[in-house]
Amino acid sequence: FHTLKAWLPILSWLPRYKLKWLQLDLLAGLTVGLTTVPQALAYAEVAGLPVQYGLYSSFMGGFIYTFLGTSKDVTLGPTAIMSLLCFSVVGGQPHRAVLLSLLCGLIQAGMALLRLGFLLDFISFPVIKGFTCAAALTIGFGQVKNILGVQGVPHEFFLEVYYTFYKIPEARIGDVVLGFLCLALLVMLLYMKMSLGSEDAPTCSRVARKLVWAVATMRNALVVVAASFVAFSCNAYGYPVFTVTGETSQGLPPFRPPPTSDTTANGTVVSFGEMVQGLGGGLAVIPFMGLLESIAIAKAFGNQNDYRIDANQELLAIGVTNIMGSFVSAYPVTGSFGRTAVNSQTGVCTPAGGIITSVVVLLSLAFLMPAFYYIPKAALAAVIICAVAPMADYRVVAKMWKIRKLDLLPFVVTFLMSFWQVQYGIVGGVAVSGALLLYNTARPPIKVSDHGVLVMELGNGLSFPATEYLSHIMHTQALQASPPRSVVLDCHHVSIIDYTVISELRDLLRQFKLREVQLVFSRLQLSVLEVLLAADLQGFRYTDSVEAFTKQHILLPSHSTLLITL
């Protein structure tokens, strides 16, 4: 039963579910649902897909995560970053986006079953921040054309910048005015919500504060509804001054297997193998970024609300969500920071709040799709811009400069390369971070001091990349000195040792013996001592006290002593 509870976390909280929790879960689920619908429509635009695909991707996560998730706050669904990554890989082709969801889910679930969640630790914070800052600028600027109401702007970032400015004279006044009004209203409502929690907030009744908080929390839905009503009224009176979303497929998506082939515009049939091949590096980048985003959010809110999450179980939850989502025409999803924050602030008690959110999305698909015809693209653009603006955190650059300037290198590489291709930015940043990590391992810092003998202290342990560097120090400082010098290796930092290190030490012992000086090991950890004894190194000696050995050798007239601390 314990194993079953580990795989199905719902068994841990469902038996002790309370009526009071139901009330709070209903309120949180409804609030998040009203936030999800307009965001889902907007993020489908970022992914280059028809807007209904945003809703198709928004309801499966609530049902699956209730059974498999370990965080009460996390909500799964389309996000700005995953939508941008999806567009960069499939170019707005629905069939391939759905297939991408299936393959990403299989990869993520496979990682969970193999307990490979630790691989996410190799994506450093500077890489994440470089990517999110570039993504915020790419997504935000990509919506400027919808604010202006211009057509025919390419999706490549640099061409998009050029043609957006080039086509400013073609801007539609109605879209510009409505877009800026929506932006102003969203910013004002966000500021009102933030001011409620500040010490300078005006004193008002509890009911008034709750009303302001509720309006500000549902600001996306309210702005989109108001803008749609204005667009509908103008169209009804014969003044189509806004660019609207247009026709959308009505009703729930059919439950069917993901497509295994596709047909191009000219009638060419693309096989399953060709579709997978066309996804390329996206099959590596998108699953990792989805996992990283979701687990980072789960950990952040777990720390904030004093509970622990299981990273591998979270991998399984998001993997199964993407697999099952592909059967209802969803594209890849992950945890949403904004909607998770709303969920937490509304007081959600269990993951069951996600079921209510999913029901709201399904009701929208079943009954509201005709009304989505009149949603102005400028209003959706305003929602997206306000959602991604906080991601462009320029202050992190100053912090990295102050703490460790070298961290700016992977940040800058990721940031700049992401404007070329998003996935290249992530891969480039990870490669630079890996190179820095390997360099630090292969070239450990050495502190040299003279206490009658030379003392060289390495700042970290000994592993196979550092063996050549250690050998070089030994030869230049001890073996090639005149006269040659004895060495004590203080190994109190060495916790593991591998075959490459053993081979190098065997050669060094031979070199020291030829020059009639000593190489002595000191303060060995038990596990390392056992390995060295099992290796049967000729001439191997060790001592428990560095000081006793060095004092003994200082008195010898024929030799001076070199101490290297590992």
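A Cβ is built for glycine as well, from the same backbone N, Cα and C atoms used for every other residue.
According to TrEMBL, the feature domain 'STAS' maps to 452-537. If you look up TrEMBL, you'll see 21-44, 98-118, 173-191, 211-232, 279-302, 314-333, 353-372, 379-398, 418-439 marked as transmembrane segment.
If you look at the transmembrane segment (353-372) against the transmembrane segment (418-439), you find fewer than three C-beta pairs under 8 angstroms, all six or more positions apart, and that falls short of contact.
Taking every recorded stretch in 279-302, 314-333, 379-398 and counting its Cβ pairs under 8 Å to the transmembrane segment (211-232), the highest total belongs to 379-398.
Between the transmembrane segment (314-333) and the listed ranges 21-44, 98-118, 279-302, 379-398, 418-439, the one holding the most Cβ pairs under 8 Å is 98-118. Comparing 21-44, 279-302, 379-398, 418-439 for CB pairs under 8 angstroms to the transmembrane segment (98-118), the maximum falls on 279-302.
Under the criterion of 3 or more C-beta pairs below 8 Å, with sequence separation of 6 or more, the transmembrane segment (418-439) and the transmembrane segment (21-44) do not qualify as touching, having fewer than 3 such pairs. When averaged over the domain 'STAS' (452-537), pLDDT in the model lands at 84.
Counting only same-chain residues 6+ beyond the ends of the transmembrane segment (21-44), those with a CB under 8 A from a CB of the stretch are 50-55, 57-58, 62, 75, 77-80, 83, 214, 217-218, 220-221, 223-224, 245, 336, 338-339, 342-343, 346-350, 352-361, 364, 372, 375, 380-381, 383-384, 387.
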